[in-house]
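Following: one structure in structure tokens, then a few remarks.
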Amino acid sequence: MDLLIQTLINGLILGAGYALVAVGLTVIFGTLHIVNFAHGAFFALGAYATLLIERAGAPYLLAIPLAVLCVAAIGFALEATIVRRALYDQGEHGSIIVTFAISQAIVAAIILVVGPDPLPVPSPFGQTAVSVGGFFLSAQRIFIAAASVAVLAGFALWLRRSVKGQQILAVSQNARGALYSGINVPLIRSLSFLLGIAAAGLAGALMGPMISAFPTMGDANVIVAFTVVILGGLGSIGGAMLGALVIGLGNALFETYVSVSWTPALGWVLVILVLLLRPQGLMGRAQLDRH
Amino acid sequence: MTDITTGAPAGRARGGSASLKGAGLLALGIAAALAAGFGLGGDPFLLNLAGYTCGFAIFALSVNVMLGGLGEVPLGHCMFYGIGAYAPAMAMNHAGLPYEAGVAIGMVVAALIAAPIGWLTLHLTGAYFSIVSWGLSGVAMVTALNLDVTGGPLGLFGFSRLAVGPFDLSRPQTYFFVAAAILLAVLVVLYHVRGSRFGRAMEAIRQGPHLARSLGIDVFRERLKALVLSAPIAALAGALSLPYTQIVTPEVMSVLRTVDALLAALIGGVGLIFGPAVGAVIFTILPQFLDLDPNVKVLVFSLLIILVMVAAPGGLHQLWKAAAARLSHARKGDAP
């Protein structure tokens, strides 16, 4: 029983971390209609930016926002030079290839600049564990969960309450309708891309101390994020959060009770099943015009 | 992505002149292969690399059946490549069968697996299809890592005899000639497929699935045929990599392998029948001669592919055509 509760707690915290990556992915899909295969690379950039800023002397808590700014700046540059030209309204196969190429270029650049070896990302929470009612939690995990819940709640509130947030929702519902209503669609798309990338960077900065920084660290995470996002319904933000918790719990349970070495296949099998059985996801609406 | 069509007519069979052109291209290919085979002289490393490049070109052609043919991005195609590499390795190491038998088994298995996979997944399009395809290759890779027959993470190695009939593939020159001959055979097959009713149906589907359906084309069945056609070709490519790599590990199913093939196809031109093969040669030979660090290579080629997608979605030859068109336009402008 204790093992089960410990596993469930770990799963929920894991899920909170996944949610951050997944929400970024789903916001980008919702407004730009591209699946950002480079998401994992921005996740890695977030961890490396944190690491480099910390090396320059900044404390971890200050390094996180700075790292997110750095990743957002890189995302902005890519958006303005490549994404905007190559992707908008141009069939899916181009966007898949371009985002994949961006991802490979970023990973190769990280290897060339920083090196291929895993590097620890220092964090004041370190490896200390906190005992809560007899269950052990690492302080870093609690921090990850708290930070992602706070950021996601803030983001959800911002989407509901602010004009820009409403415009993002409008564009993801119907880009042409939004355009006719006087919404600056290209601006909203750029903004969504930036927000999505920044969320990936933040996730990298938060998860870095736990899994340490290595160039392909984003791969495993973005695969999970795909699962989460598809499970929740591509483009659905609430679905992404719910999907993240489901996957976090599922992974933790599978790892504890079935097999660690087969866990990577679990996410894939879930993705495949969801896409085949319920392509609109748990909370997404069925698309009328699938093209 | 309609721009790709501009690259298509070059390789299309239409009437006698086209098949004559095809024969000419084939003769050119044979001449190039012979020149390379003897021109590379005694250098076993380069000959081995050239043989491997032919295998890689076959894989790029297989990927391009999906990419250029259907307009889908088959990220998980590396799975079929992996099946093709594992089948002869397992046949030789576990069953004592000869290499050729293993290759044939691999191709049959790939086709047999492709049929149900296609039946399940080809209802999906675009990013959904790509993700499921990637997912299946991920499952295949985890399976290869965890099973004993595949040798787990260490993979399989120490093969008995890599030979096709009397041709011993452990001799670099023989390896290259066999691989080049198979590559040319695959090109001929794909050339005829493109000119066939099935090939034209695929082209119609790529340009507009709804319109194709309205013309009476069974879109789903043609897409399925394309996958079942391309899977054994990918398996053949995987089998041809063995004499070069001498080992099969689960890494063979890494999605990066598919990405390499996609890049090769895109550089060479997805609309051209031989484009992927040319792209594969550029992709493997050029970095070898420039002595590039593998990471610099990835960086350069990724940026190149972004450039291609932004500026010339049909392949690098489009840049050349555009430049030529602009030049002739400028000349005309000067004349009067």
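Placed from the backbone N, Cα and C atoms, the Cβ positions cover glycine too.
Annotation source TrEMBL lists transmembrane segment at A:12-38 (among others).
Residues annotated as transmembrane segment in TrEMBL: A:58-83 (among others).
Same-chain neighbours of the transmembrane segment (A:95-115): 34-42, 44-45, 48, 52, 78, 82-83, 86-87, 215-216, 218, counting only residues six or more beyond its ends whose CB sits under 8 Å from a CB of the stretch. Summarising the annotation, TrEMBL assigns transmembrane segment to A:95-115 (among others).
According to TrEMBL, the transmembrane segment annotation covers A:135-159 (among others). Here the transmembrane segment (A:135-159) has long-range neighbours at 2, 5-6, 9-10, 12-13, 16-17, 19-20, 23, 123, 125-129, 165-166, 168-169, 195, 199, 202-203, 206-207, 209-210, 237, 241, meaning same-chain residues at least 6 beyond its ends whose C-beta is under 8 angstroms from one of its own.
According to TrEMBL, the transmembrane segment annotation covers A:191-211 (among others). Remote same-chain residues near the transmembrane segment (A:191-211) are listed as 17, 20-21, 23-25, 27-28, 30-32, 36, 39-40, 42-51, 60, 63-64, 67-68, 70-72, 74-76, 79, 83, 120-123, 125-126, 138, 140-141, 143-144, 147-148, 151, 155, 164, 168, 171-172, 217-218, 221 (criterion: CB distance under 8 Å, separation of at least six residues from the stretch ends).
Using a Cβ-Cβ cut-off under 8 Å and counting only residues 6 or more beyond its ends in the same chain, the transmembrane segment (A:223-249) has close neighbours at 8, 11-19, 21-23, 25-27, 29-30, 35, 39-40, 152, 156, 159, 172, 264, 267-268, 270-271, 274-275, 280-285. Here TrEMBL flags A:223-249 (among others) as transmembrane segment.
The transmembrane segment annotation in TrEMBL covers A:256-277 (among others). Listed by sequence, the residues of this chain that lie at least six past the ends of the transmembrane segment (A:256-277) yet keep a Cβ under 8 A from its Cβ atoms are 3, 7, 220, 223-224, 226-227, 230-231, 247, 250.
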